Amino acid sequence: MSAREVAVLLLWLSCYGSALWRYSTNSPNYRIFSTRSTIKLEYEGTLFTEWSVPETCFVLNKSSPTTELRCSSPGVHAIKPIVTGPDEEERYLFVESSHTCFLWYYRVRHFFNNFTQLITVWAYDPESADPDELLGNAEEPSINSIVLSTQMATLGQKPVIHTVLKRKVYSSNEKMRRGTWRIVVPMTKDDALKEIRGNQVTFQDCFIADFLILLTFPLLTIPEIPGYLPISSPRGSQLMASWDACVVASAVLVTDMETFHTTDSFKSWTRIRVPPDILSDDERRSVAHVILSRDGIVFLINGVLYIKSFRGFIRLGGIVNLPDGGITGISSRKWCWVNYLLKAKGRRSTFAVWTENEIYLGSILLKFARLVTTTELKNILSLSVTATLTIDRVEYTGHPLEIAVFLNYCTVCNVTKKIFLVIYNEDTKQWVSQDFTLDAPIDSVTMPHFTFSALPGLLLWNKHSIYYCYHNFTFTGILQTPAGHGNLSMLSNDSIIHEVFIDYYGDILVKMENNVIFYSKINTRDAVKLHLWTNYTTRAFIFLSTSGQTYFLYALDDGTIQIQDYPLHLEAQSIAFTTKDKCPYMAFHNNVAHVFYFLDKGEALTVWTQIVYPENTGLYVIVESYGPKILQESHEISFEAAFGYCTKTLTLTFYQNVDYERISDYFETQDKHTGLVLVQFRPSEYSKACPIAQKVFQIAVGCDDKKFIAIKGFSKKGCHHHDFSYVIEKSYLRHQPSKNLRVRYIWGEYGCPLRLDFTEKFQPVVQLFDDNGYVKDVEANFIVWEIHGRDDYSFNNTMAQSGCLHEAQTWKSMIELNKHLPLEEVWGPENYKHCFSYAIGKPGDLNQPYEIINSSNGNHIFWPMGHSGMYVFRVKILDPNYSFCNLTAMFAIETFGLIPSPSVYLVASFLFVLMLLFFTILVLSYFRYMRIYRRYIYEPLHKPQRKRKKN
């Protein structure tokens, strides 16, 4: 070999590992990749000669390592750089012919006085936008964007904000201002995922793409404090990170130089610094694990937990019920479930802490409790007392209420150990041992990551290989490579696994320490090597953006970080084209609009899923559920075949068929038939080329705490808002007290009273509401009672008029049966018995008032005619088959009117007595007069005085 050839070889070897090429567009997250897009090509290395592109594509400067590419025709285009040396990888770019050309841009202002957010929206063209718009830094639209938005508005464009979870819609109520629309939405934490949508309006044959955004309460980064010192991982270690499962834009990254905190996917960030007097220099450089929680950033350093928050930097130990040392690991939730059904009191945990022998669960406000010890686990799992059992890992599963515990078990712990798996449910408090056992070297380190699925599924990896368990541990094995083995290090220059990334679509990225990436999908057995995107020496980490796309974060040598969008699906398509991997079906659809459904008594959920596939392949949809067996299913399948393709549609109805009436253990039966069920749809065959692996959603059977009832026509508006007192006459009270009752009318609780003439009958109309507003009128039976004990009212229907065959339940009879209970608990759905059967109850007096009301029986409340009064009623749904919730509401009625005149007979009697008394007095006075007259007729009343003679 000549000296020149040796020099060339050495040059090539020095460049090997750093020579690569990539591409980008002006559209964020590669959302528009079409014939209209400008594709920027970039070669990183020193051996570049020129670009090789097909004839249908045009390169601005073919001999420049950095240039622009446009492809005028859609399809798959082979692009690669020509270099001096071994050929570089050829990519197959899928260029679309799309009429989606424009994007939405938004800015947000927060108003804490009324907890709203003002979203300013405009349309922009990525091919003609200002640099600030492309970088996401623009505060106002550019001239081109103003013109575009104004033109679109003239054609009828008006964006709205759709919330993904609660399906609410917000629109602009203002006129357009300088090419922008302004939309006000409320701040929320449980409906943060939103989408900007526009009308189907075109300009120059182009539409605006819908845009997914994440809006929560404003999040702040922890500020840097002068004089504080950096905290980092050990020198030379790989990057570690943690993020909020429901707000992926909020994340923390630990490098061997600094720790960075962000709330906007690292578009901006702050460095985390700690006081100089708490940790030594070695401790500050010894971060082993990190967790981002709502209370702050939790660091694990030398077996001790520390937390950095806005309040400072403190050590966590005995003050929060945690060990002061010996902690071996911490973990947090990976998947976001905003809604879930938790029957037990309390909160679910947000992260786990463990030592070799103990597990602690933590929730918000740094509340920790010990969950279990290995000694207790030996008893629970019936393991040998003499065997060695230690806690290997604790990981949250894809289920919102379950935690997986990996246990190391051995009797003679010299060479190998067995790894067992048990799952703990935070709601039922039950431990379930799984059909999972793995033999491993005694000193091996394995890392688990559960998938987003209804049935438990996970990936478990060591330095070189990945072990998969899908479909509740029934589909297992080692992830294979095209080389026929499962050792990923052999295909990545002996590098070891650094990160395993899984998204909600089932994509799996295995990143090696040298940035070689392997790609797989859940429910598949193999992985393929993707094109090199980042050079071997750059320290990188893969994150998920708020739009559901992936991006790389690079830690640079100068102590800063940088982000770069990663076109995962374009890269996967390129490899699939090379390997001729095809999805076995053409389309997989469903109408599951939510990820969380509530089913109450008497309700059913009907959904459908459809698969389109080539003839003679026999595909179908698999429906799987996980959780308590509390739901019944009905299936209906329809099939169509045309033009060589088959369409199979499966319609499912989930329901309950339980009668809760006349059962002795009402509450126990309710509890047995409530719970959380996870359901997933997946095709019977699958490959890495398929877009979505499966559809996962929850069905919660039980009481929706956002459901309530109210009485139609009653509100807290339309009256003077004030509390006042009034007196109830003791004779009007049910329990007959010895004195009158003075009560206070609490307006904030009772609302405005309805004023009725006491000649008017009243039938309450009960309405059902949830957090979205009015749902329907309630047709079920309900009862009412006056909360202060008044019983001077009645009902117009008798038991006989209502169709009773025996004596119905009344407040009087129920109080007699349940004297030990307060009034509001003596009668309810748990002890309700109807009166429409001869087999139940006793005949009794059917002329009594019927005290049960519904919307159709015409039963009304009527009032006493002799006096007015204030009545505060509580209404309760009585039907035991209506709801799992104890639905009650309050309303107040004030009666008024003229006191009615007495009857004619009473008046006549009174007048007769009065006349009789008058004539009696008259006669008596007559006889008295005559007696006096007769006595003095001859004798004057006043005798004259005679004068005496003087002697």
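Counting starts with 1 at the first residue shown.
Glycine is no exception: its Cβ is also placed from the backbone N, Cα and C atoms.
Among Cys15, Cys57, Cys71, Cys206, the cysteine that Swiss-Prot records as disulfide-bonded to Cys101 is Cys206. Swiss-Prot lists a disulfide bond between Cys583 and one candidate from Cys646, Cys690; that candidate is Cys690. In this structure, Cys413 is the one among the disulfide-bonded residues Cys101, Cys336, Cys413, Cys690 with the smallest number of other Cβ atoms inside 10 Å of its Cβ.
In this structure, the C-alpha atom of Cys101 (disulfide bond) lies 15 angstrom from that of Cys71 (disulfide bond). Note on proximity: among Cys336, Cys583, Cys752, Cys835, the disulfide-bonded residues of the record, the Cα nearest Cys206 (disulfide bond) is that of Cys583.
Its Cβ placed at the centre, Cys57 (disulfide bond) has 19 other Cβ atoms within 10 Å. A C-beta separation below 8 Å, combined with a sequence spacing of at least six in one chain, links Cys835 (disulfide bond) to Met799, Ser802, Cys804, Leu805, His806, Glu807, Ala808, Gln809, Gly841. In the three-state DSSP scheme, Cys71 (disulfide bond) falls into the strand class. Around the Cβ of Cys583 (disulfide bond), the same chain contributes Tyr686, Ser687, Ala689, Cys690, Pro691, each under 8 angstroms and 6 or more positions distant in sequence. Other C-beta atoms found within 10 angstroms of the C-beta of Cys246 (disulfide bond) number 17, with every protein chain shown included. When each of the disulfide-bonded residues Cys71, Cys206, Cys410, Cys752, Cys804 is scored by how many other Cβ atoms sit within 10 Å of its Cβ, Cys410 comes out lowest.
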